[in-house]
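Q: According to TrEMBL:
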| type | residues | note |
| --- | --- | --- |
| DOMAIN | 41-292 | domain 'G-protein coupled receptors family 1 profile' |
| TRANSMEM | 27-50 | transmembrane segment |
| TRANSMEM | 71-89 | transmembrane segment |
| TRANSMEM | 101-120 | transmembrane segment |
| TRANSMEM | 141-163 | transmembrane segment |
| TRANSMEM | 197-221 | transmembrane segment |
| TRANSMEM | 242-265 | transmembrane segment |
| TRANSMEM | 271-291 | transmembrane segment |
Amino acid sequence: MPIFHNSTSPTFLLTGVPGLEWAHSWISIPFCCLYLTALSGNSLILFVVLTEPTLHEPMYYFLSMLSTTDIGLCISTMVTVLGILWLNAREISFSACLSQMFFIHLFTFMESSVLLAMAFDRFVAISNPLRYATILTHVRIAQIGLAVITRGTVILTPLVLLLKRLSFCRSHMLHHSYCFHPDVMKLSCSDTKINSVFGLTAIISTAGVDSVLILLSYVLIIRSVLSIASPGERKKAFSTCISHITAVAIFYIPLISLSFVHRFGKDAPPYVPTLIANVYLLIPPVMNPIIYSVKTKQIQKAILRLVYCKGPHVLQ
């Protein structure tokens with residue numbers, strides 16, 4: 001079998017839904033609906049937060065960051081996923097694959113970072129409400145946003161550069177509808193130990209650290225809530241966290257499920273890990289705007305004003 005080095009720009013073959021190729025056209029219908037829901041919902045949230053003066057607060061700035069990452073994540077996978085389901089366009093060049101992989105992982109890491117920032121926002125709002133506006137100023141929020149982007153870029157750049165040095169002499173068949181770092185790495189016939197170490201380090205230093213810090217934030221939040229004398233005030237304080245807790249759950253549960261399937265689901269039908277992998281990247285962008293629209297009254301009012309063509313006036 002000939003050896004394909006990165007200098008020859010090998011072409012990879014993406015996978016649709018194994019065993020259900022005959023149903024790709026039908027499967028594309030719910031996928032298309034999910035993408036449209038995610039893009040329209042997050043765009044609406046972003047538009048409302050940017051145009052409504054009463055939503056120019058730290059909580060909603062972080063929500064707009066979350067919507068931006070969700071839009072980026074959808075766009076990163078949409079072209080190849082729908083291309084396979086609609087046109088059976090499975091080929092992707094090495095350079096395009098690396099670019100897609102970079103942005104998928106970048107927006108995933110950014111989402112994890114934004115969820116951590118939102119946990120910090122809730123902690124400050126509940127434990128130190130009088131200093132909330134002075135701690136989370138516009139400048140500090142901008143610095144947090146820049147740190148989120150810089151962190152993901154710095155962590156991912158070595159991963160991409162390390163992949164470019166590999167040779168590919170095995171099958172060029174990827175197991176997902178998009179380029180995923182472990183998937184691409186497994187196709188190499190070179191020594192990938194350093195790639196594996198960097199990949200594991202990237203996961204631990206992002207989603208791993210973030211999940212621990214989010215959990216710690218909620219331990220401190222619960223302690224602060226329990227110190228409030230009034231039961232009504234305790235309920236009101238904790239209710240402001242419900243949307244964020246749900247967003248964290250729908251981000252981490254599919255991630256953990258995908259890890260378990262890859263590790264222990266060897267006897268599962270081949271389409272199971274593929275569907276879970278797509279759910280992992282699609283469900284958070286679809287559900288986040290729905291969750292925040294349902295649970296946040298200020299967002300509801302702003303959207304209703306927009307729907308009834310009253311414009312982005314100050315909310316009553």
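We count from 1, first residue shown onward.
Note that Cβ sites are derived from N, Cα and C of the backbone, with glycine treated the same way.
Please treat TrEMBL annotations as automatic predictions, because they have not gone through curation.
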Q: Would you mind listing the long-range same-chain contacts of the transmembrane segment (141-163), meaning Cβ under 8 Å and 6+ residues beyond its ends?
A: 6, 58, 61-62, 65, 98, 101-102, 105-107, 109-110, 113-114, 117, 181, 184-185, 194-195, 198-199, 202, 205-206
Q: Given a Cβ distance threshold of under 8 angstroms, which distant residues of the chain, six or more beyond its ends, lie next to the transmembrane segment (271-291)?
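A: Those are 15-20, 31, 34-35, 37-39, 41-42, 44-45, 66-67, 70-71, 73-74, 77, 81, 104, 108, 111, 175-178, 180, 243, 246-247, 250-251, 254-255, 257-258, 261-262, 265, in sequence order.
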Q: Taking all residues of the domain 'G-protein coupled receptors family 1 profile' (41-292) together, what is their mean pLDDT?
A: 89
